[in-house]
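Please read the structure below before turning to the comments.
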Amino acid sequence: MRRSGTSLSRDLERKIHERLVSLKDTIQQTEIEEWPVSTRRAIQFVQERDMSLRRIKKPILEKVVEKVLDTLKAEVEEKLASSQDLVLVDSDMEEQSDSNLMEVKDTNVINKSITSLWSSPNLKEIDGEDEKKSVGQESITGSAKRKDRRSKTNGSKRQKAEANREPPSDISLSDIGGLDDCINELLELVAMPIKHPEVYQYTGIHPPRGVLLHGPPGCGKTMLANALANELGVPFISISAPSIVSGMSGESEKKVREVFEEAKSLAPCLMFIDEIDAVTPKRESAQREMERRIVAQFLTCMDELSFEKTDGKPVLVIGATNRPDSLDSALRRAGRFDREICLTVPSQDAREKILRTMAKGLKLSGDFDFRQLAKQTPGYVGADLKALTAAAGIIAIKRIFNEISPLNKLDLNSDPRFNELDSDMALDSNDSLPLDHSSIIQRYLNAHPDPLSPEELEPLAICPQDFIEALAKVQPSSKREGFATVPGVSWNNIGALKSIRVELQMAIVQPIKRPELYQSVGISAPTGVLLWGPPGCGKTLLAKAVANESKANFISIRGPELLNKYVGESERAVRQVFLRARASSPCVIFFDELDAMVPRRDDSLSEASSRVVNTLLTELDGLSDRSGVYVIAATNRPDIIDPAMLRPGRLDKTLLVDLPDAHERVEILKTLTKQTPLHEEVNLDVLGRDERCSNFSGADLAALVREAAVTALRSAVFADIASNEPEITQHSALEPIRVTNADFELAFKNIKPSVSDRDRQKYQRLAKRWSSASTNDAD
């Protein structure tokens, strides 16, 4: 029994010791109270940390707590004494004085006298004026040092905060190109209330409290807010929304309140919250209760920014996001984020302005055609154009290194590769050492270790060809987001299909190029076009040509890629496509294999597929505005598409892309063989009217030309490849290769029509069913 009682006492002492050590560490870090604490304070602390200690009798608990406090005090004494011993020993080593060594004992005596005061019940009862003075002076000095430390810390924090609230000075609105409409709207909504609040007070108009900037990544939301702050010259609070989130309960809401309180104290003030969707998601879909509390705190703080609560000094909030639909709906109502400004993917004219603005700080050489460069950068946002400029600069530097230090001026004898050449070998005047760019740059750095002089820097400049080469190295962010760059297919790449070209020009291309003409006759809603017909007849090629001709943003969607096995994800993907298109209008959406997305709704169709059909129907002709968004769909099974897709207002124009006739086959062959060298004996007119081409589609004719070219290449170059004689093969490759009639005859044996007579009759019956559409197309 005695052993068990001893072990219990040790366990109790160990528990209390752990709790009091944590209390001591906390006090030393925060300095909110003095150490050592009283026995009563220690008992209160350990009972709060461990509920089981409340069941122990008070005398026993007091005895153990006092014992642990004495132990901790002794540890502090030893550390203090050892630190002072070290200080005195170091000073003695420097002075080499024996008299100073005796001061260690006196210091220890003083330490003991001071630490003995800790166990006394009341400092006032201690005798000795010297001890009182020493203790009082030490406590006063310690508290003064702590106050001084706190004041210095707080002062440095305040100075840092004040420095961060200055508006950025490295960018202005004149440095931004292609966003003229957005800048004018921001000046109206933000600059006017901040600069002239008296106008709103006099007229009794409530100015907007918040403006939401949304658009694809890299379009300039953050840069626009920084430039506006510099233009206004008012205190600017810029915060990243994820930095508000804290792991401690209540800390996130506290940070939100502190930021808004600081903004009101600095009023007139402009606040910018980047990636605001990270902290204000929809409350019904929030994963944690903390997210709901943060949203509620944001709503409350936004309501407190009225003129009445800010003493007539305006505080405006600008939020930025690329996912506006994920924000809580209460945050987007009037009185909070009153206005929303959409920064779209820049058009060709906007890209030209952006490039001209970026070129102001560059050293360019030659005649730059910014208009042509803007045409070659469809889908590029401001960040992509900046990356393009940087890539062009790197290419220019590599080129200039080669020009400044040509290979014949470098010390070629130092290259070890020359030592490996045989003595009887010599380089001709036209020969050069095959060095790569890395070796050129390395040799240049070795030859010029010092900074270049102004005379050497003079030839450094970026030429137009550097930008052309950089286009292949920079991928637009919109392409990673689901956009496709404008295809390099024009009407010249398409043979025949002239009647369908005219219909597509009237339905898609001209409304984008000349919208005022259509508005003058009352046509405002965009048209949807359904291209249907046998496979391989050029439906996808037509859509690419339309996108290229209109110079609009282009989104290519293959029907099955939007389908998802999770509930609601397919519908969300459909909505996201139209959301991106509306943000980048004018935009052409091309749905390939539409029958996979919108099959006919009946009892056999699953509920998930029905929801996808309903979502697409409402996006095409629902409550949401579809201005500037044009839809082209392609299918070879129009009979299984839901009939509601084909009513007016959706895909109301159906165009049959049928198999080409004899005359159209000749035109297609002429287009396909522009890059193929043909023998004089080849007659494309006879070839296109051959009976064996009766059911050939455009894709079949392309396969025929490709197979004939491969046959000619095999007979001219690779005839001896099986015998493993590369020298003969290399010699044969130097001879001109031309495709002959014999090559086409061999190709006819391998290429068969992809559409049978039975399939063609089926499409003819479908064309009769839609007689009105097919008759117009046939004309």
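We number each residue from 1, going along the chain as drawn.
Here the Cβ of each residue, glycine as well, is placed from N, Cα and C on the backbone.
Note that the structure is a prediction, hence the values are computed from the model and not measured.
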Checklist line | Of the residues SER120, SER453, the one that Swiss-Prot lists under phosphoserine | finding: SER120
Next item on the list: Ten-angstrom check, please: count other Cβ atoms within 10 Å of the Cβ of CYS537 (ATP binding site), all chains counted.
Entry: 28
Check: Using DSSP, would you call LYS539 (ATP binding site) helix, strand or coil?
Finding: helix
